[in-house]
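Trainee: Just dropping this structure here.
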Amino acid sequence: METILTDCVHHSLRHFMYRNAIFMCERLCSEFPSETNLQLLAGCFLQNNQAYAAYHILKGTQMAQSRYLFAISCFQMDLLHDAEAALCPPNEPGAEIPNGAAGHYLLGLIYRYTDRRRSAIQHFQQALSLDPLMWCAYEELCVLGAAEDASSVFGEAAVLCIQKQCLHNRFENLHTLNDDLNSASARNNNPDDVRSRQSKQAQINNLRDIPTNYHGQVNLGGPASQIANGSSNISFYNTPSPVAAQNLQLSAIAPPPLCRNTQQNGSSLNSLGTDSSRSTVNSIIQAPRRKFVDEGKLRKISGRLFSDSGPRRSSRLAGEAGANTNASGAGAANNGTTNSTKYLGGSKLNSITFRSMAVRKGQSFANENIDEGIQNEAFDDSRSNASLSVSSSSPSSDNRTLEQGATKSVGGSLTNDAKIINGASEILGLLRILGEGFRLSCLFRCQDALDVYHKLPYKHYSTGWVLSQVGKVYFELVDYLEADRAFSLARHASPHSLEGMDVYSTVLYHLKEDMKLSYLAQELISTDRLAPQSWCAMGNCYSLQKDHETALKNFQRAVQLNPRFAYAHTLCGHEYVALEDFENGIKSYQSALRVDSRHYNSWYGLGMIYLRQEKFEFSEHHFRMAFQINPRSSVVMSYLGTSLHALKRSEDAMMMMEKAILADKKNPLPMYQKANILVSLERLDEALQVLEELKEYAPRESSVYALMGKIYKRRYMHEKAMLHFGLALDLKPSAADVATIKAAIEKLHVPDEIEDNL
């Protein structure tokens, strides 16, 4: 019953029928209460997004897998300290972290979100060392800015690690074989214990092991089988023993019964030979007629019999059948009858020989045609009785059969080493390119990241994930047109994926593509209205329409859906700043930094708030932090230079502006700020030269003409000053700038010294 319920639960989980899995697993735990079954029930609840149920089920459990599942439920419920205590019990400081690489990865996430960066990095690295294919651990290292070169992480050591894992999984059963060989020899002289286990195994598997004929009908009778002296009413359903491959002789191991019915009114087994030798008792148990098959037919039936039985089962059954040995089949008759192949399934020790043959061939024989006619030759009664008297032979020949079969299977497995190494090398070669591109993009080495991504084969480059990463790289390069193109291709390749769509919506916001942005937001909401990316796109859509309050509500919805989505917190901060609610803006930016301390946009947002509040030292600190994370951002360098200039550090400010101009010559901001610094240093000619050059890059920027008007005014060139002030007004600046420009026009003939005193 327990096996049936367990199989039903796994079947339901495989087919995503979670309600059925939970119901049947509750029946399983009620009937067979054990911590292992509780783990299965908790897993059902976790897959059904009911972490709270798994939490209460597993609370207080001690097994390693239970602690891991409990930690998963705690993590999903944001109970990070409880999750850490489950993985690393305080009273067991040296306890091993459960589930290997997966456990280390989960613990790394816990440390990351509790602001313990160094410990998080250690556990992510440990997870990668245990499983080089754990890509998510490498992603986290890249996000933390602590990832090593992908060529070293996914190098030769990783190939050897994968090869070791594959060989370990493949040879795990062969290691078990050696133990079973020893246990089979040790238990050879204890037939009573063997008989009891055989009886129990037959009762458990009676439904599966009932023999059938070729048409699938249950074979309830079979050949007549009685004890030699006719004093017992015990009937057996026996199977033939396989042939030893070494000497082409029939195996001496008699099979255990598949099913037997004992009648109470007949003589018992003990009455058959109370004081006889162990060999005599063993012979009597195997009294029914034995059927054999030719060696040439073994391969036709081996896969049919054992295709759905795991190697561990074969190894376990070997120990239970090792005590029953019989003489070699010298008395096999030639006149036999054709019987169901199910009769061949009871020889438990020789099932391992079948298994090793299947592994040695490297393929399953389940598709072989069993209708070719398997001849089972039966003993006559006289030969059967004669064979019973000599059935207590040594098991050494059978042990040799197993050892040789295991050796051959090892040899067959070793022939696949080259395929394993080649496959691992191909996978890791692909991961080296993807990993290096992602690492460089997280370090904001955007052009280098693009060069790496372009090395990918087309079939991988054209996937949604890669194209989204390329779009993000172009976004950081402030090349919004190319970013739009990459994200559009990503949407076409994977219209169901939301990867990077929050950034895509920001790209469309900067391009002022209100129609495309509105369409994208509607598409994302219809795809998944519980994803934060969908609500970020909707918020950007409203922000583009200057409806900042509605935009803020949408961004807050994104935060509510995923509090660990740093970009949603940052967008909330931007909207608070637009509403001039600086206090809540600071809180939103700080929340983003608690999730991701390397989210430079939040450092930049805090710097902008403090710059507007004229807290220049705070502003310089936060811009400096953003600059350390992203030293290639022209915008960050420009505002850092502005803060330095406000702190009367004009030389440092000029150096920073020069770096910003070199980083992005298309960005007009650093050139404009450089002109401002030159004006403050009374280097008016140089300032005019910079502004004339800037007019070519930004011909419709009103602030450029307004600053040129101020310079001409200070040089008493009133006509040119008036011309440039008028051009600035024609370009429709903001209301604040309009007021400033009109005030400058009114005071056009007032000297600057008098204007300053006023």
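In case you wondered, yes, glycine gets a Cβ from its N, Cα and C as well.
Nobody curates TrEMBL annotations by hand; they come from automatic prediction.
Below are the features listed in TrEMBL for this protein:
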COMPBIAS  318-341  compositional bias 'Low complexity'
COMPBIAS  384-397  compositional bias 'Low complexity'
COMPBIAS  398-410  compositional bias 'Polar residues'
REGION    304-342  region 'Disordered'
REGION    382-410  region 'Disordered'
REPEAT    101-134  repeat 'TPR'
REPEAT    532-565  repeat 'TPR'
REPEAT    566-599  repeat 'TPR'
REPEAT    600-633  repeat 'TPR'
REPEAT    702-735  repeat 'TPR'
Trainee: Using DSSP, what is the helix/strand/coil residue split across the repeat 'TPR' (566-599)?
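Mentor: Final tally across the stretch: 27 helix, 0 strand, 7 coil.
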Trainee: Please give the sequence-distant neighbours of the repeat 'TPR' (600-633): residues at least 6 beyond its ends with Cβ less than 8 Å from one of its Cβ atoms.
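Mentor: For the repeat 'TPR' (600-633), the sequence-distant neighbours (Cβ-Cβ under 8 Å, at least 6 residues beyond its ends) are 145, 444-446, 476, 566-567, 569-570, 573-574, 577, 582, 585-586, 589-590, 592-593, 639-640, 642-644, 646-647, 663.
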Trainee: Under DSSP, the repeat 'TPR' (101-134) has how many residues in helix, strand and coil?
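Mentor: Secondary-structure breakdown of the repeat 'TPR' (101-134): 27 helix, 0 strand, 7 coil.
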Trainee: Would you mind splitting the repeat 'TPR' (702-735) into helix, strand and coil residue counts from DSSP?
Mentor: 27 helix, 0 strand, 7 coil
Trainee: By DSSP, how many residues in the repeat 'TPR' (532-565) are helix, how many strand, and how many coil?
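Mentor: When I sort the residues of the repeat 'TPR' (532-565) into the three classes, I find 27 helix, 0 strand, 7 coil.
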